[in-house]
């Protein structure tokens, strides 16, 4: 009589297989939750900080990134992370590119908000995930299938429905507020969110420059995503986070010292201190999960999970700021969630095939690509070992019976 693994052993093997296959997606999804919580805290500080006067974005950025630098450095020091603090020599140039790309991504968003409505600026930033998939397909020879292309396009359409850019949905004469007009939030402070009418005095040249800088920011985000994927497992995720946070901290310090009307500003009370600490912690956790997710999962599936942040943003808007999504937001949420779930459920169908190449690549595979393939093969080996271990456990239980 043959021995069969127990029911619990089978489920343990299946759960472990699911985790190995989708761990990167889970990290990315969780990163979006912490990212949205960070944005909510940032919004509260910009509204209620400095005794109701609001904090400047550079002051908030300095607080967030400096806390991230301290936390990540302490963690890596006490855990004796390999190659701390500069990383392995062969990937330092990629880490520098990751840090600079992340900074330009933040700078592009902040600059574009000066001359563009929030909805328009938001839509532009969501070009980054799809462009990252395309860039990785060229530089890293990663798959960018027809399903990936369609899913990216559907997700982008969903973002457009949620953001409702005034240039697409309304004429300039009837453009409504981009973010819902005037809102009363939390305390006694009132904030008027950006709307199209506030940008009537923006010249075409200024708007064109803002769009151009926003696209530079998209390029910076693409560089950050791609370099993280390129680095893969050759650098600890926190080393990547540290490079990004250090660059942003340096830039925010320079901005506070040189730009008029900003300056260094300490929190006014315990509530603001709490906001800043929570903001820094959320930023630290988000960047760690983001780096871990992108280094663990293939680009086209992981980066598109960033679109789900819009869903979490809608939820926080409803329960914290009291905003109910309209019809277009519901349509956009459905498109984003459906696309993300569908792409997440797709299995890696082409993992076992050899990609045909030309020239020198046919004989000498790119080192970085080979390392990343090795990571995937290592995951499969771990799963096989875990499954075999679960079967043996089941056999032992059967013998005892």
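Yeah, the Cβs are placed from backbone N, Cα and C, and that goes for glycine too.
For the domain 'EamA' (24-163), DSSP puts the residue distribution at 112 helix, 0 strand, 28 coil. The domain 'EamA' annotation in TrEMBL covers 24-163 (among others).
Residues or ranges marked as domain 'EamA' in TrEMBL: 221-343 (among others).
According to TrEMBL, the feature region 'Disordered' maps to 350-401.
According to TrEMBL, the feature transmembrane segment maps to 20-40 (among others).
Annotated transmembrane segment per TrEMBL: 60-79 (among others), in sequence order. Remote same-chain residues near the transmembrane segment (60-79) are listed as 38, 42, 45-46, 49, 85, 106, 236, 238-239, 241-242, 245-246, 248-249, 252-253, 256, 276-277, 279-281, 283-284, 287-288 (criterion: CB distance under 8 Å, separation of at least six residues from the stretch ends).
Feature annotation from TrEMBL assigns transmembrane segment to 91-115 (among others).
What TrEMBL lists as transmembrane segment is 121-140 (among others).
Positions annotated as transmembrane segment by TrEMBL: 208-231 (among others).
Non-local neighbours of the transmembrane segment (243-267) in the same chain are 49-50, 55-56, 58-59, 61-62, 65-66, 68-69, 72, 87, 95-96, 98-100, 102-103, 106-107, 224, 273, 275-276, 283, 287; each lies 6+ residues outside the stretch with a CB under 8 Å from one of its CB atoms. Marked as transmembrane segment by TrEMBL: 243-267 (among others).
According to TrEMBL, the feature transmembrane segment maps to 273-292 (among others). Residues 24, 27-28, 30-31, 34-35, 37-38, 41-42, 44-45, 49, 60, 63-68, 71-72, 228, 237-238, 240-241, 244-245, 267 of the same chain lie 6 or more positions beyond the ends of the transmembrane segment (273-292) yet place their CB under 8 Å from a CB of it.
Summarising the annotation, TrEMBL assigns transmembrane segment to 327-345 (among others).
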